[in-house]
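J.: What TrEMBL records for this protein is below:
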TRANSMEM  16-33  transmembrane segment
TRANSMEM  53-82  transmembrane segment
TRANSMEM  94-120  transmembrane segment
TRANSMEM  126-148  transmembrane segment
TRANSMEM  160-179  transmembrane segment
TRANSMEM  185-202  transmembrane segment
């Protein structure tokens, strides 16, 4: 009878990730006692530009959840999803991915709101506040779609394949945005977009040095219903692949399963053990020949 893995075995043991989880929980607790702290953590166009120049908010906003409930949800997603990416990529690559998605989302949001306010001359866009880990969670779902696209995930409404999670997550963000404001949806949208661009074109695979995932299963149109595929093809085909010498090498790595990666690590460990055994035999033979008088005579 196959035993189910324990809950603790599904949670990452990475110290940087756990430290980030403490930050996600700690920041909203701090702001509850001092509401003015929100102005120094969240991002808005009016605070970023003159006369305030709160430039650091581009870096702090993705890691600040205004509500405790949002922070708890973000921490759970971080702790449980990180284990998959650490096994498939590496702990260092996971940290790099989080940094790229979070900062890339903030910069993209800044440019988007700045362009809109420039053309529409709307003061309400300048005071629109952005913050939250939703951008990174959206990026995680994109990575989950890449690594285990056919895996079924149990949700409250039923089971859903991992490849459909980014679209569903974006739709939920849109519905919440229509009820309140669109800042959360914008952050989630750019988080998904930045994550896809990085994984599609720039992520370097340490095994063979290829970049990105050029497979059809991870194309931009795979995130949308089939009715939009022809329109997306006409645009995405004009984007050059970063490493033209890839020869679609990223497809194999991008679609690698956790079992394949674990088997690869296991084979490397066996190889190291065999090398150590050979060294022991060589040392033993050398010592035996040294102590043998006949070998010295020869």
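Glycine is no exception: its Cβ is also placed from the backbone N, Cα and C atoms.
Help me understand the surroundings of these features in the structure.
T.: Long-range contacts of the transmembrane segment (94-120) within the same chain: residues 14, 16-17, 20, 43, 45, 48, 57-59, 61-63, 82, 85-86, 126, 128, 130, 135-136, 139, 143, 186-187, 190-191, 193-195, 198, 203, each at least 6 residues beyond the stretch ends and with a Cβ under 8 Å from a Cβ of the stretch.
Long-range contacts of the transmembrane segment (126-148) within its own chain (CB-CB distance under 8 A, at least 6 residues past either end) are made by residues 24, 41-46, 61-66, 70-71, 74, 77-78, 81, 84-85, 88, 97-98, 101-102, 105-106, 109, 113, 117, 162-166, 169-170, 173, 181, 183-184, 186-192, 194-196, 199, 213, 218, 254-258.
Within the chain carrying the transmembrane segment (160-179), a Cβ under 8 angstroms from the stretch's Cβ atoms is held by residues 134, 137-138, 141-142, 144-145, 148-153, 185-186, 188-189, 192, 217, 222-224, all 6 or more beyond its ends.
Counting residues 6+ beyond its ends, the transmembrane segment (185-202) has Cβ neighbours under 8 Å at 62, 97, 100-102, 104-105, 108-109, 112-113, 130-132, 134-143, 146, 166, 169-170, 173-174, 176-177, 211-214, 218, 220, 223, 239, 241-242, 254 in the same chain.
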J.: With Cβ-Cβ distances below 8 Å as the criterion, list the same-chain residues six or more beyond the ends of the transmembrane segment (53-82) that contact it, or say none.
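T.: Residues 10-12, 14, 17-18, 20-21, 23-25, 27-29, 31-32, 38-44, 47, 94, 102-103, 105-107, 110, 130-137, 140, 144, 187.
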